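Visitor: Submitted below is the structure of interest, expressed as structure tokens.
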């Protein structure tokens, strides 16, 4: 059996649970939700070969529902013996006005979760370089990424783990399709340019609605994402609205879209760098690919 085996029963470790879950009402509905999220997280970890036993992962914690959910699910898997890595929760306080500095340390200390809180006033840098009417998210995220890479190296972590979910990936795909003229989304596993750190997204298969329900049931102390007064651009909001409308009209399409990303056929696209169209030759055997 592998150190990380997706066939291990869902109820492994049912004689106990991580302290995070001890005060949560164990309703049938919540148990189903928790098992579904655990299953999807484990599936993504296995599908994209994220685990190397003994490594140290840096789990980025912003105070939003997704990062709280990510941390809780990884701790749950580790508690059950299904995730043989060390976990370090890291929050980067970027100096946003009115940021409640006590919430995350109080939460992490309460449950004895290993963590690091890092203060770097990138907010002042962003507001100094951009006009007030600008959307700060792009520059802010670049500055955040640089600091997270530095912290991961200082802490001896081999991977930075982010809480992007199914909808984040789909929205990015359609933003690139409609506005960038390319087929690309958020990769579930990425090697940084320097080649010394991996970036993982174990929630790639998880639905945002499920993570929201999970956060509510777990009573996470959510920190608002709009403290800086800047909201993410209209393009992503438009993609989110479009996907919501599609899912409402045709339930299950989001899952179908995610499956499509795992089933790419370069011979049925137009990218000559991915498929050798010039090399196609008549061979008289009738065994070529078939258009559908």
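Backbone N, Cα and C atoms are what each Cβ position is placed from, and that goes for glycine too.
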Visitor: Suppose you had to name the range Swiss-Prot annotates as motif 'PP-loop motif'; which of 62-67, 68-73, 74-79, 80-85 would you pick?
Guide: 62-67
Visitor: Tally of helix, strand and coil residues over the motif 'PP-loop motif' (62-67) according to DSSP?
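Guide: Counting residues by DSSP class gives 3 helix, 0 strand, 3 coil.
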